[in-house]
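Residues or ranges marked as transmembrane segment by TrEMBL: 6-28, 97-115, 153-171, 178-196, 202-219, 239-255, 275-294, 325-347. For 23-288, the entry in TrEMBL reads domain 'NADH:quinone oxidoreductase/Mrp antiporter transmembrane'. The annotation domain 'NADH dehydrogenase subunit 2 C-terminal' is assigned in TrEMBL to 290-344.
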Amino acid sequence: MNPYVLTILISSLGIGTTLTFMSSHWLLAWMGLEINTMAIIPLMAQQHHPRAVEAATKYFLTQATAAAMILFASTTNAWITGEWNIQQLSHPPSTTLITFALALKIGLAPMHFWMPEVLQGLDLTTGLITATWQKLAPFAIIYQISSTTNPTLLTILGILSTLIGGWGGLNQTQLRKILAYSSIAHMGWMIIILQFMPKLTLLNLAIYIIMTSAMFMMFKYNNATKISYLTLTWSKSPVLAALTMPMLLSLGGLPPLTGFAPKWLILQELTKQNLAITASIMALATLLSLFFYLRLCYTMTLTLAPNTTNTPSIRRIKSPQTTMPLAMVTTLTILLLPMTPTILSLIT
């Protein structure tokens, strides 16, 4: 892609997200979401491959549907209440419709069907942007309307997303689909705590972005798109293979890794709100996700691809890719848990 065109598209992604962050008016927020969608479509279709074009088309249709729902619901709310302010969303049907539209935008179950199919058709770099950056603008709106949304609806969406995200990833062999279902499960954790402690949702979102970025960069470094490709990792880069195991376990939420912190704090808050059964369901649903993370760990560290002995060692081939961003997010993915008390004091 032409560097000038790429610069314009990346700038538009940033401008769209920033516009939604800054807006308190529904039309301005909607405009930011639309700029975001329009900017990423050419990035998705740049490969000129049928799968990439199909993914871009599916993404456009789902995001356009969600944007139309947001515009319709916000207009209805303004018509009835005379208020365009995002935080003054007081008409119950409009609130419910906007909640479903934003759930469709971020890929919450049961509006999640587009997410695995779209990610599967993209290259790993565009997939990384779709799974991380594209969640920021919708979450900015979700955060602002958290006080007016229906708590029962949020709880149902959260539990469904965690269960479907874990269940859907069990039988997958494509790494991008596994990360898509992982994303759906993490969205469920974020949405279920939104009604009680919105700042904890933002903490979970930040840690999710760090962990998902680490996994996408690791797959990009190894040019891996299927589970079977991971068997070559130990030969290519033994250190990275050893570090990937705690990264995957961190995604699963095991102590003493970074991913344990948000799950621990969310379960603690749910228990404080006398929702012990909900907390138990969420904790048990995480075991489904943990299974396919452990499956990836097993493939990377305990299996080797069949190699002939008369070939030169593959580990001597130097990768042309930059490793500094990967090193940074890997460190954050593994070692942030001791900072939890400090982070907690900042968000409370």
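All residue numbers here begin at 1 and follow the chain in the order shown.
Placement of Cβ uses the backbone N, Cα and C atoms for every residue, glycine included.
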Return the stretch with the most CB pairs under 8 A relative to the transmembrane segment (202-219), choosing among 6-28, 153-171, 239-255, 325-347.
325-347
Tell me, what is the mean pLDDT of the domain 'NADH dehydrogenase subunit 2 C-terminal' (290-344)?
76
